[in-house]
Amino acid sequence: MFKFILKRILMVIPTFLAITLVTFALVHFIPGDPVEIRMGERGVDPIVHAQMMEQMGLNDPLPEQYLNYIKGVVQGDFGRSFRNNEPVLKEFFTLFPATVELAFFALLWSLIAGIFLGVIAAVKKDSWISHTVTALSLTGYSMPIFWWGLILILYVSNFLGLPAGGRLPDEYWIDFDTGFMLIDTWNSGEPGAFVAAIKSLILPAVVLGTIPLAVVTRMTRSSMLEVLGEDYIRTAKAKGLSTTRIVIVHALRNALIPVITVVGLIVGQLLSGAVLTENIFSWPGIGKWIIDAINARDYPVLQGSVLIISTIIIVVNLLVDVIYGVVNPRIRHN
């Protein structure tokens with residue numbers, strides 16, 4: 001088991017270096033001058049422009065800039081934002097709880113609903129229920145996030161009275177101690193604040209969790225169909241066990257093992273999908289921060305945010321690999 005984990009960790013190192021290099025290159029190839037964008041329509045004096053470029057560290061050759069950036073990252077310094085001179089790491093973890101809260105509930109509902117629908121579709125194989133679930137999962141997987149979000153805002157928001165944006169309506173004033181809105185509204189004791197925070201979370205979580213829901217549904221259905229065809233399931237049926245007991249106790253437990261492998265991919269989908277979702281619903285998290293940084297050509301924010309998010313995804317996938325190796329010894333031994 002130790003060799004298995006060590007092998008996975010060693011595979012992370014070149015991946016991490018590749019991410020830093022690709023991110024640095026793509027960010028610096030974005031058209032636009034950070035100084036000119038920062039100054040806006042006022043124009044920039046050539047001398048002032050040169051001074052600001054020097055201050056931002058953009059006058060050095062790109063290889064030197066990359067090496068300086070790597071040295072800073074190794075020391076825990078991800079640079080400072082061009083816009084407000086705040087440390088990137090500080091800004092990231094100030095906004096990160098909002099994205100984590102949104103992604104967690106999107107993951108939660110996609111797993112619960114996806115596993116349920118996948119099991120139903122497998123048990124009711126070749127029925128109209130199975131075909132409907134399959135069609136809906138394909139639709140959900142191919143549906144553009146921005147279009148789906150706008151549809152929910154235009155129709156579902158008005159019909160159900162759910163907020164179309166933000167984390168909490170303006171009439172509530174609370175202290176953000178943890179950054180997690182549900183926890184802070186609960187601790188505040190202000191009447192109605194906790195319920196309002198839940199309502200604000202529903203639409204963006206539904207939009208963000210739609211594609212993961214489709215993935216989990218199809219994966220669960222496929223895995224359940226395979227397990228239900230095994231000999232021990234036929235033996236259980238021959239013994240007279242109820243369908244419910246066979247499905248829940250014997251089949252589902254083994255069918256969920258492959259589903260574990262997609263959790264790491266789903267985390268990546270949630271963090272990348274948050275960029276669009278947070279902008280659609282004016283959700284003040286990492287996704288909206290990244291879009292603002294792109295518009296301002298804020299190189300340190302873009303490099304730092306992508307690098308930190310990539311590291312989180314790598315760590316999550318590493319943990320998933322280890323868990324999968326524990327529950328499935330064949331993978332570990334191979």
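A Cβ is built for glycine as well, from the same backbone N, Cα and C atoms used for every other residue.
So that you can see what the record holds, here are the features copied from TrEMBL:
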- 9-30: transmembrane segment (TRANSMEM)
- 96-324: domain 'ABC transmembrane type-1' (DOMAIN)
- 102-123: transmembrane segment (TRANSMEM)
- 135-156: transmembrane segment (TRANSMEM)
- 193-216: transmembrane segment (TRANSMEM)
- 255-276: transmembrane segment (TRANSMEM)
- 306-327: transmembrane segment (TRANSMEM)
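By the Cβ criterion (distance under 8 Å, sequence gap of 6 or more), the transmembrane segment (306-327) is not counted as touching the transmembrane segment (193-216), fewer than 3 such pairs being found. Sequence-remote contacts of a segment are chain residues at least 6 beyond its ends whose Cβ falls under 8 Å from one of its Cβ atoms, and for the transmembrane segment (193-216) they are 101-103, 105-107, 109-111, 113-115, 117-118, 136-141, 143, 145, 148-149, 152-153, 156-157, 161-164, 166-169, 172, 174, 181-182, 185-186, 259, 262, 265-266, 269-270, 273-274, 277-278, 280-281, 283. Sequence-remote contacts of a segment are chain residues at least 6 beyond its ends whose Cβ falls under 8 Å from one of its Cβ atoms, and for the transmembrane segment (102-123) they are 129-130, 133-134, 136-137, 201, 204-206, 208-210, 212-221, 223-225, 228, 243, 247, 252, 255-256, 259, 266-267, 270-271, 274, 277-278, 283, 285.
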